[in-house]
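Asks: This is the structure, below, for whatever I ask next.
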Amino acid sequence: MNNQRKKTGRPSFNMLKRARNRVSTGSQLAKRFSKGLLSGQGPMKLVMAFIAFLRFLAIPPTAGILARWSSFKKNGAIKVLRGFKKEISSMLNIMNRRKRSVTMLLMLLPTALAFHLTTRGGEPTLIVSKQERGKSLLFKTSAGVNMCTLIAMDLGELCEDTMTYKCPRITERQPDDVDCWCNATDTWVTYGTCSQTGEHRRDKRSVALAPHVGLGLETRTETWMSSEGAWKQIQKVETWALRHPGFTVIGLFLAHAIGTSITQKGIIFILLMLVTPSMAMRCVGIGNRDFVEGLSGATWVDVVLEHGSCVTTMAKNKPTLDIELLKTEVTNPAVLRKLCIEAKISNTTTDSRCPTQGEATLVEEQDANFVCRRTFVDRGWGNGCGLFGKGSFLTCAKFKCVTKLEGKIVQYENLKYSVIVTVHTGDQHQVGNETTEHGTIATITPQAPTSEIQLTDYGALTLDCSPRTGLDFNRVVLLTMKKKSWLVHKQWFLDLPLPWTSGASTSQETWNRQDLLVTFKTAHAKKQEVVVLGSQEGAMHTALTGATEIQTSGTTTIFAGHLKCRLKMDKLTLKGMSYVMCTGSFKLEKEVAETQHGTVLVQVKYEGTDAPCKIPFSSQDEKGVTQNGRLITANPIVIDKEKPVNIEAEPPFGESYIVVGSGEKALKLSWFKKGSSIGKMFEATARGARRMAILGDTAWDFGSIGGVFTSVGKLIHQIFGTAYGILFSGVSWTMKIGIGILLTWLGLNSRSTSLSMTCIAVGMVTLYLGVMVQADSGCVINWKGKELKCG
């Protein structure tokens, strides 16, 4: 027997209300349905249709709908929306097939014609603005009302940078690889691509420019982006500080008084020290300095002047002269070629054809100001073609250069040289000033190579110069970019991958290779974007590393060069030759300062009463014997005993005494000069070899009185150079040196006199031609850096 209790069944009516449950009415179902939709409940397709309904009516969705929208999976939602799109397209086609009345068209056209309608080659053209994106553009044609749809993503503000292409006619197929289509006839569309601020689209990529490193010119001028200038300034600061300790202490005191912290004091002191080297003596403050000493009775001296160096000439009974090449100017150089480093494009137009319909054509292709590119693209039903295949495609864009640089040819007849000549007078103001105030400037041109300048109290000096720069201008181009200029290799300049035009001045410039600054994007069925690269100025600055930088002043360019001059000193006289020797005592005004040329500067003040007079000056050893020192300042004299006198001299190597005055009242200064005579000889030889590498054949003319010994090297090169080059053309430099040493050794050890002399002569000539520098190649020994450089 089953004693299990049965479950109580649900009553068929409500015991409290005493009434049966009823079926919901229609209004209750509608209320429940709408409430569920507003909260985002229901099937996906139904909810998305309701969301579209709200969007059409511009009704903001509820929080529940937004939450449900966020929960939809991407693939499923896209599939539903594509179904909506297909249904709407079908509805549009049905509506387009209906016959509309004239009244209906007149009502629709004003709302659709928010764009500008024109024609291109007899075909309709729409000029649309940014607001027309995604809208239906309606206009009347001979085939009926044409409705075009434009969904271009690059649609921007109207400007000169426009995009023009043809919208194909697509009726029953889904558009493929197009962002504009029409339903009645093919239509051209034009729109701007600028941003709201009017800026054009640019590509950030830079052109790959080959660096100029390794193609630089052998001059003493600093190269672009090198550290030479900084090191030279530091060396000048060090030399000036050691020479002027009093001013250095004053600068330190000023920095301590002005600055509030250690960092500020240090910065102020460094800035003061960087400025002070501008107060230096001409030639004394220049690192590259050459001394030329003429023989007794000399009436002329040959010198070679170059930028960044100074020449000091000395001759018996003649004043000591400091000569420096201030600048080399070139006026109105001819323009060889112009390069474009920044451009802009406009009026981009594209034409495309279906397969088997021939080549695409554009009128712009015949215009030299347009850059064009042809290609082939895939065409088919989805972009207005009845056949599938490759169709012809052509895009053109108008090219305009915004920033350009010029390459100019320098001609010898357009050169002008400025040479400054300063006399060593011992004036204290002359020592403390590097300006041209105390010197006389001569101007040399190829048309007037001779100049006579008057030196106050010292007569006249005639400069007979040969305007030979030492640079082969057939291989050099003067590159000018904005306010900067460089001397560059001509072939490097011509090989730069940048748009170029000829140097001839014309009203309309025609650029070649415009495509080097233009990027054609991926070609679509009816459209291709074209963008221009950004400014290449930064890339050019990087590529110019190692080039010789040139200063420009207006239309005149100042650059590195060389000048060979003959100084005719027959009209020069030495001031104070009739004065007697000073008998009084001298007082040292400043500590003896050593220059970077091995000379010393002595500043003394005369305490006697017999001025004007000549200053006795000599260099002696500890026993009082006069040594072979050299007095750079010729015939130092005292004019006014109240003014100090500066004397430059070259003491001998080792320990010596600088004696100023005579007798027991003489001022005796102990001095020690580092180095040796043999080392100086080798260093001078190496310096001459470097000058030869820089100046070429001009360097061999450096000397005085046209001496034979200075031309021996040139003579050997001219006689034996050609034969030597033919015999040893395939032999390495080390092998040439080895052969020369071997022949010399055989000559020294040979018992036969004739054979010995022959071997020694041939060995020495071979060794000389192998070591010394010719006009086109050679080797230089750097004794200070302990290295050998060949080139």
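Heads up, the Cβ atoms here are built off N, Cα and C, so glycines get one too.
Annotations for this protein, taken from Swiss-Prot, read as follows:
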| type | residues | note |
| --- | --- | --- |
| TOPO_DOM | 1-101 | topological domain 'Cytoplasmic' |
| REGION | 1-15 | region 'Interaction with host EXOC1' |
| REGION | 37-72 | region 'Hydrophobic' |
| TRANSMEM | 102-119 | transmembrane segment |
| TOPO_DOM | 120-242 | topological domain 'Extracellular' |
| CARBOHYD | Asn183 | N-linked glycosylation site |
| TRANSMEM | 243-260 | transmembrane segment |
| TRANSMEM | 262-280 | transmembrane segment |
| TOPO_DOM | 281-725 | topological domain 'Extracellular' |
| DISULFID | Cys283-Cys310 | disulfide bond |
| DISULFID | Cys340-Cys401 | disulfide bond |
| CARBOHYD | Asn347 | N-linked glycosylation site |
| DISULFID | Cys354-Cys385 | disulfide bond |
| DISULFID | Cys372-Cys396 | disulfide bond |
| CARBOHYD | Asn433 | N-linked glycosylation site |
| DISULFID | Cys465-Cys565 | disulfide bond |
| DISULFID | Cys582-Cys613 | disulfide bond |
| TRANSMEM | 726-746 | transmembrane segment |
| TOPO_DOM | 747-752 | topological domain 'Cytoplasmic' |
| TRANSMEM | 753-775 | transmembrane segment |
| TOPO_DOM | 776-791 | topological domain 'Extracellular' |
| DISULFID | Cys779-Cys790 | disulfide bond |
Asks: Under DSSP, is Cys396 (disulfide bond) helix, strand or coil?
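Replies: Note: Cys396 (disulfide bond) is in a strand by DSSP.
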Asks: Near Asn347 (N-linked glycosylation site), which residues of its chain come within a Cβ-Cβ distance under 8 Å, counting only those 6 or more away in sequence?
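Replies: Looking at Cβ-Cβ distances below 8 Å from Asn347 (N-linked glycosylation site), excluding near sequence neighbours, one finds Glu160, Thr162, Thr164, Glu364, Phe370, Ala397, Lys398.
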Asks: Pop the Cα-Cα gap between Cys613 (disulfide bond) and Asn183 (N-linked glycosylation site) into the table, whole Å please.
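Replies: Per the Cα atoms, Asn183 (N-linked glycosylation site) and Cys613 (disulfide bond) stand 110 Å apart.
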Asks: Name the secondary structure element type, per DSSP in three states, that contains Cys401 (disulfide bond).
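Replies: Strand, per DSSP.
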Asks: Quick check for the class: what is the C-alpha distance, in angstrom and rounded, between Cys565 (disulfide bond) and Cys310 (disulfide bond)?
Replies: 13
Asks: Fill in the CA-CA distance, Cys613 (disulfide bond) to Cys310 (disulfide bond), as an integer in Å.
Replies: 30
Asks: Tally of helix, strand and coil residues over the region 'Hydrophobic' (37-72) according to DSSP?
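Replies: Here the numbers are 24 helix, 0 strand, 12 coil.
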Asks: Summarise the model confidence on the topological domain 'Cytoplasmic' (747-752) as a single mean pLDDT, whole number.
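Replies: Average per-residue pLDDT within the topological domain 'Cytoplasmic' (747-752): 76.
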Asks: Determine how many residues of the topological domain 'Cytoplasmic' (747-752) DSSP places in helix, in strand and in coil.
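Replies: Helix, strand and coil residues of the topological domain 'Cytoplasmic' (747-752) number 3 helix, 0 strand, 3 coil.
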Asks: State the three-class DSSP label for Asn347 (N-linked glycosylation site), counting H, G and I as helix, E and B as strand, and everything else as coil.
Replies: strand
Asks: Distance check, please: Cα of Cys582 (disulfide bond) against Cα of Cys310 (disulfide bond), rounded to an integer number of angstrom.
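Replies: Roughly 32 Å, rounded to the nearest whole number.
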Asks: Spatially speaking, which of the disulfide-bonded residues Cys310, Cys354, Cys372, Cys385, Cys465 is closest to Cys401 (disulfide bond)? Use C-alpha to C-alpha, please.
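Replies: Smallest Cα separation from Cys401 (disulfide bond) among Cys310, Cys354, Cys372, Cys385, Cys465: Cys372.
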Asks: Residues with Cβ closer than 8 Å to the Cβ of Cys340 (disulfide bond), same chain and 6+ apart in sequence?
Replies: Cys401, Thr403, Lys404, Leu498, Pro499, Trp500, Thr501, Trp511, Leu517
Asks: Relative to the Cα of Cys310 (disulfide bond), which of the disulfide-bonded residues Cys372, Cys385, Cys465 has the closest Cα?
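Replies: Spatially nearest to Cys310 (disulfide bond) by Cα position is Cys465.
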Asks: Quick one: pull the CA-CA distance for Cys372 (disulfide bond) versus Cys385 (disulfide bond), whole Å only.
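Replies: Spelling it out, the Cα of Cys372 (disulfide bond) and the Cα of Cys385 (disulfide bond) are 24 Å apart.
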Asks: In whole Å, note down how far the CA of Cys465 (disulfide bond) lies from the CA of Cys396 (disulfide bond).
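Replies: Here the two Cα atoms are 57 Å apart.
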